[in-house]
Amino acid sequence: MVWSWPDDTNTSPPYHVYDAIPMEERNTICVVKESKRIRTPAELSRSEMVKICCIGAGYVGGPTMAMIAYKCPDIQVVVVDISVPRINAWNSDRLPIFEPGLDEVVKSCRNTNLFFSSDVESNISDSDIIFVSVNTPTKTRGLGAGKAADLTYWESAARMIADVAKSDKIVVEKSTVPVKTAEAIEKILNHNSRDGVNFQILSNPEFLAEGTAIDDLTNPDRVLIGGRQTPEGQKAVAALKGVYAKWVPEDRIITTNLWSAELSKLAANAILAQRISSINAMSALCEATGANVSEVAYAVGKDTRIGPKFLNASVGFGGSCFQKDILNLVYICECNGLTEVANYWRQVVQINDYQKLRFVNRVVSSMFNTVSGKKILVLGFAFKKDTGDTRETPAIDVCLGLLGDKAKLSIYDPQVSEDQIRRDLTTSKFDWDHPQHLVPSSPTAKSKEMVTVTWDAYEAAKGAHGICIMTEWDEFKSLDYQRIYDGMEKPAFVFDGRNVVNPDELRKIGFIVYSIGKPLDAWMKDLPAAPLT
């Protein structure tokens, strides 16, 4: 089908006629600038395809662009990154991240309309839409250290775009950024661009959950696009909306102004983390009173105003977003003079830290108030199941707490490498997301002696005094705990930080069991509470 537009239009194709095309016909058309008409994909050559470039080949950029390429075969997608090893991994048979279903999506369109490249500048120059999905780590020094987002990498990306762009671009914020970041990016682009080159900034925050990212991308709750409330801004919004409309129902694509979109991401993560901290706070009260946090959460979750999600008590939340985004929100509130609001959100992080410390103290106090020289099996190191991501995983703080009391740790996780575990245990807080820490660390001889990493849970359990379950991997539910018990020192302890196992069944075997928020083992009821220091 051919669509045409007035010759006197001031807007360059391919975006300005997109809104006029009926939704049901958008999947079968594409715009060709040279002939001023829209042709079917079969008529197009590679050079005429709409081109998307994503800066950043990490947990967000890689899967998101793979899904766009998979769902939009008429769009060319290139993911660029300055890290050559990371790009090489995306082009190999072993992808740099583990995510169920990701391999199939990538391999189905890689080198067809999905490409991974370290040639950053030329791909930026050739693209129509540029997604920016670079790190926004927490600042480690200077103004706002420990709370504010470090936008160094975002600013560098913006300056590079301005330097190499020879035609109009739509620049899309995909990273989680502080509200009003788009305003700063606009200034950088507009003050450093070539004459006649115009930019439109959009905010398109990601709402992926690791472990389910491909499902989240295939069938999202919503796609959020924020743009300027100007004719040009709304045309850019419509262009990006058209990409997602290839597979996302239109009623799930929400459009807002820029600032609402930027803030919505921070708000969503803060409120989700708040629910986790709320149920974790209740878990401490459950243990003190003999209530069962799982029963409490089930009863509360049946209230349709509340719902059951994110009400599973645990040793604490982790991942790259929750703590970082809440601290960023705290800093933004402080900068706007909203001290009480900042203190409210800060408490969500403080409860999370309290929960991890409470868990460590429970382990130490239960094992005769010392774990010095005792072998502890740590089951799971990733922050959640079905991912190899260890960023801000509670396992780090728990392991460091036990090492502080001179415990010997034997760690098993089915997806996390030994190098990653040792790197995490020797990296300063907030430094994990900075490039200089992406190289293998050099652990000391002492740390090597105190920590072993194994790929066999049964071997790791031999001679252990206790087990700490830190990740809810499904395989941990079906381990032969009788076999494990037989090889352990006695009394043998299980400290379940994810409520994975049935405590009554383990007690029948002979274990002394602690489960977050569950009635305490008789052994533990008589112990004095360890000080939370």
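The backbone N, Cα and C atoms fix where each Cβ goes, and this holds for glycine too.
Under the heading NAD(+) binding site, TrEMBL lists 56-61, Asp81, Arg86, 134-138, 175-176, Glu210, 321-324, Arg391.
Annotation comment: TrEMBL describes Cys321 as active site, nucleophile. Around the Cβ of Cys321 (active site, nucleophile), a 10 Å sphere holds 26 further Cβ atoms from the protein chains shown.
Positions annotated as domain 'UDP-glucose/GDP-mannose dehydrogenase C-terminal' by TrEMBL: 377-503. In the predicted structure, the domain 'UDP-glucose/GDP-mannose dehydrogenase C-terminal' (377-503) carries a mean pLDDT of 88.
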Which one of the binding-site residues (Asn135, Thr138) has its C-beta surrounded by the most other C-beta atoms within 10 angstroms? Thr138
Test of understanding: give the count of other CB atoms lying within 10 angstroms of the CB of Gly56 (NAD(+) binding site). 26
Measuring Cα to Cα, how far is Tyr59 (NAD(+) binding site) from Cys321 (active site, nucleophile) in Å? 12
Have a look around Tyr59 (NAD(+) binding site) and count the other CB atoms within 10 A of its CB, chains all included. 22
From the Cα of Asp81 (NAD(+) binding site) across to the Cα of Cys321 (active site, nucleophile), what is the distance in angstrom? 21
